[in-house]
Amino acid sequence: MSPSTINPESSPLHTYYFSMVEMSIMKLFLDHKIFTLIPTTPGASIPVTTLTTTLNASPSLLTRLTNFLIASGVLSSPQPGHIAHTPKSLQFTDPTSYQALFFAHIFDFFLVPAVKWPGYMAEHGLNEPTSASRTPFGYAAGYPDKTLYEILETMPKRAAQFNATMAASFQPMPVLGMYDFSWIEKLADEERMAIVDVGGGKGQALKEILGAYPGIRPEQCVLFDVDDVIREAVAEAERDDDETWRTVRKIPGSFFSEQPVKGAAVYHIRRVLNDWPDEDCVTILRRIRDAAAPNSRVLISEQILQEEPSLAVAALDLWMLNFGGKRRSEGMFGELAQRTGWKVNGVFRDKESDTGVVELVVA
């Protein structure tokens, strides 16, 4: 039985099928910048034969592809053999636009790995990835034992696309307004480190905290991240001639290895656990627990999964499955804490978003 013999009113099959076809053609048009070749002047069109010459493409193939996009309403055909833009296709005329970047991104980084889910699950069972180096993305890319970032190092073009899309789609996640850091200001006379920003990048969040709480001494704070990132942070501090930021200690290392700063008051970990499977998160939190004092705290700043997430959040959570990451609920953070010698002492939520701070204390 072909798909055309099924009554579309009694089955969602056609909706799924047509979406697959449309997405596949759209990706081709984006890759070959075909949307940019169609005139954007209202009422203007272009002969398909002109496109075939410009693209050195098969006339038969291009006709078949455009036939579907016309039928689906992505393109229009004001006269036989011509195509023109619609409001849908006009969104993709700029290859650097958010729409164009994100479409290609979800195709390459969600759809392609998702197509391989059956094979991945047949090999690993119906289980979440237990390691960032054993993921659906790696399985689909032909690197079943490498992490996303290790794989991207072998794909410069794909890596550039990934980074461009992340930059275009990045929505700032609040650092302040949820948790009251003022108690840390009272530690100014102590010798211990006040804040260790674990996996803190170039220190964007730590800078915000120090700016809002001037009683926290910068010299009592540590930025901890991998070598390359710390080098960039040091260079940035020198370039900006920021004396306050220069006094913050910057220590390179891996959060999977021993935490070099012992007994800090706070180990701040923001937008990190979100990217890793449970077992890797357990390792990260255990390394901190091994370094902690009896009264140390961990502040996990992340987007917190609701018990009944929205469609968009549920989709994002499954997108992260491809790389081994996941969104977590309060209960999930509690389970991680219990496994690593911590306990949840409080959850402080942002009123405008799903962002929150989960405070852990030694169990």
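Cβ from N, Cα, C; glycine included.
Swiss-Prot lists GLY199, GLY200, SER254, PHE255, ARG270, ARG271 as S-adenosyl-L-methionine-binding residues, and of the candidates ASP180, ASP225, ASP240, ASP290 the one it assigns to that same site is ASP225. Sequence-distant contacts of PHE255 (S-adenosyl-L-methionine binding site), defined as residues of its own chain at least six apart whose C-beta falls under 8 angstroms from its C-beta, comprise VAL198, GLY199, PHE224, ILE269, VAL272, ILE284, ARG287, ILE288. Overall, the recorded S-adenosyl-L-methionine-binding residues GLY199, GLY200, ASP225, SER254, PHE255, ARG270, ARG271 cover a maximum inter-Cα distance of 15 Å. Its Cβ placed at the centre, ASP225 (S-adenosyl-L-methionine binding site) has 24 other Cβ atoms within 10 Å. DSSP assigns SER254 (S-adenosyl-L-methionine binding site) to coil in the three-state reduction, placing it in neither a helix nor a strand. Annotation for the binding-site residues ARG270, ARG271: lowest Cβ count within 10 Å of the residue's own Cβ, ARG271. In terms of local Cβ density within 10 Å, GLY200 ranks first among the binding-site residues GLY199, GLY200. Listed in sequence order, VAL226 are the same-chain residues at least 6 apart in sequence whose CB falls under 8 Å from the CB of SER254 (S-adenosyl-L-methionine binding site).
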